[in-house]
């Protein structure tokens with residue numbers, strides 16, 4: 001096993017953007033292991049759609065309506081935010097094939113702006129964003145499963161958290177067992193939630209055919225039920241943008257895509273318009289059966305919709321929400337574990353997280369780390385508060401990443417770009433992003449300030465854990481022993497990869513401060529010890 005741990009130093013040093021297939025290298029060399037390219041176009045679409053469409057469209061699409069002030073303006077907000085999301089996704093598509101590494105915006109920010117910027121993106125994701133989001137989705141799943149058993153009261157809190165933990169453990173086992181199993185689960189549950197939403201849309205069309213379209217007539221659709229306010233409209237756009245969250249998750253698994261140069265942009269072209277269509281027409285369907293006041297008063301819009309129109313079949317809606325959230329947990333586990341895997345590979349997280357199973361070729365340590373951090377969030381009571389604090393930071397890094405696309409065009413105009421979008425796209429996205437960011441700072445300065453403070457706690461961690469390379473020998477020996485024990489327990493080794501630079505787990509000092517992605521291999525300091 002020690003030999004497996006050392007094989008990262010014997011792998012060929014290749015450019016991160018190399019197009020060599022990992023399977024080809026593994027089979028042609030010495031039998032090394034590597035991440036497998038098992039995600040086809042259908043599964044890629046399932047990852048995007050499954051991560052965007054969670055429980056929100058079923059449970060609480062009222063956030064946009066409440067702030068927009070009218071049905072018509074709310075529908076416009078859903079359409080515009082869908083278009084802006086598509087624009088941002090196209091920018092990420094260019095970055096994804098220019099810097100074809102797993103890790104998504106973390107990898108892009110690190111390669112373009114340097115190690116500290118990338119680490120801060122990773123730090124906030126590891127510390128709060130993914131553990132809290134996954135915990136909330138799992139709790140939503142358990143709530144909709146248990147609610148029918150407690151028709152006259154709320155399910156017990158301990159029962160909710162226990163079932164959420166079981167959900168997380170089950171899906172972690174699936175993801176550890178096989179990439180193919182994980183993507184099949186994602187495909188099935190994404191199809192299920194789309195079928196449920198298709199049912200809602202079809203019923204809305206039936207309602208329109210019956211003449212139930214009072215709130216869709218222009219004079220009624222734009223009738224304000226509150227005083228128009230530009231600040232509230234901005235909040236509506238912010239709520240809409242959050243509803244499309246997850247559109248960038250496919251970039252986290254770029255190295256496992258079959259033919260990423262084709263399938264990454266294709267999946268984006270298919271998925272984002274599909275989600276926009278579903279969101280807009282689901283909201284149209286809702287207002288054919290409910291007035292804006294009824295919609296705003298409902299705690300679970302799809303359930304209320306089902307009770308009004310489905311009669312004895314109303315049970316379909318809560319089951320649909322449960323299935324949707326179950327698939328959402330799976331998709332988030334799958335993609336976030338690849339983010340942590342990529343961070344460990346770059347030396348920003350413990351190196352054991354950059355290892356994969358010798359037979360299954362799944363990043364088991366990263367998956368277990370993701371699961372454990374989420375389980376810890378389940379036993380805390382302040383995770384919703386944490387989400388509010390760091391939601392602003394998460395959105396901040398979307399803009400930083402897209403700005404990096406412009407910087408990369410300027411600094412490295414000649415590097416290969418299989419996809420090259422018009423510069424108008426990142427400019428449009430950044431203008432929209434700046435509008436929302438400035439308004440967020442103005443309307444909730446304390447919340448945004450706390451979010452920034454949480455992110456900046458990563459600065460001393462970076463300098464102590466990453467920048468400071470000459471640590472005491474006793475510390476290095478302890479980490480090496482801990483890594484070896486973890487490696488034996490999980491039966492994992494460092495992967496041999498020819499397309500991602502996965503064999504490097506630390507950066508040298510010079511590379512840490514380079515602001516722009518350089519298409520030359522990074523020299524692994526450990527390799528200097530080899531004869």
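Positions of Cβ are set from backbone N, Cα and C atoms, glycine also.
Feature annotation from Swiss-Prot assigns topological domain 'Cytoplasmic' to 1-43, 95-115, 252-264, 338-363, 408-422, 466-531. The compositional bias 'Polar residues' annotation in Swiss-Prot covers 7-21. Among the features that Swiss-Prot reports, phosphoserine is placed at 18, 21, 27, 28, 527. Per Swiss-Prot, the feature transmembrane segment maps to 44-64, 73-94, 116-148, 157-177, 181-209, 230-251, 265-286, 312-337, 364-381, 386-407, 423-445, 446-465; the stated evidence is similarity to another entry. What Swiss-Prot records for 52, 245 is L-leucine binding site, and it gives similarity to another entry as the kind of evidence. Residues or ranges marked as topological domain 'Extracellular' by Swiss-Prot on the basis of a curator's inference: 65-72, 149-156, 210-229, 287-311, 382-385. Marked as site 'Important for substrate specificity' by Swiss-Prot: 133, 245.
Structure coloured by features recorded in Swiss-Prot.
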| residue | record | DSSP class |
| --- | --- | --- |
| 52 | L-leucine binding site | helix |
| 133 | site 'Important for substrate specificity' | helix |
| 245 | L-leucine binding site | coil |
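The highest tally of CB pairs under 8 A with the transmembrane segment (44-64), across 73-94, 181-209, 312-337, 364-381, is held by 312-337. Against the transmembrane segment (230-251), the recorded stretches 181-209, 364-381, 386-407, 423-445, 446-465 differ in Cβ pairs under 8 Å, and the greatest number is found for 423-445. Cβ contacts within 10 Å of residue 52 (L-leucine binding site), excluding its own Cβ and spanning all protein chains shown: 27. Cβ-based crowding with a 10 Å cutoff singles out 133 as the top-ranked of the recorded positions 133, 245. Calculated from their C-alpha atoms, the gap between residue 52 (L-leucine binding site) and residue 133 (site 'Important for substrate specificity') amounts to 12 Å.
The stretch in closest packing with the transmembrane segment (312-337), judged by the count of Cβ pairs under 8 Å and taken from 116-148, 157-177, 423-445, 446-465, is 116-148. Residue pair residue 133 (site 'Important for substrate specificity') / residue 245 (L-leucine binding site) shows a Cα separation of 11 Å. Across the candidate stretches 73-94, 157-177, 181-209, 265-286, the maximum count of CB pairs under 8 A to the transmembrane segment (423-445) is reached by 73-94. On the 0 to 100 pLDDT scale, the topological domain 'Extracellular' (210-229) averages 86 in the predicted structure. Under 8 Å from some Cβ of the transmembrane segment (157-177) lie the Cβ atoms of residues 134-135, 138-139, 141-143, 145-146, 185, 326, 329-330, 333-334, 337, 357, 360, 362, 364, 367-368, 370-371, 374-375, 378-379, all in the same chain and six or more residues away from its ends. Highest Cβ pair count under 8 Å relative to the transmembrane segment (386-407), across stretches 73-94, 116-148, 265-286: 116-148. Sequence-distant contacts of the topological domain 'Extracellular' (210-229) (same chain, at least 6 residues past either end, Cβ-Cβ under 8 Å): 69-73, 75, 284, 287-289, 291-293.
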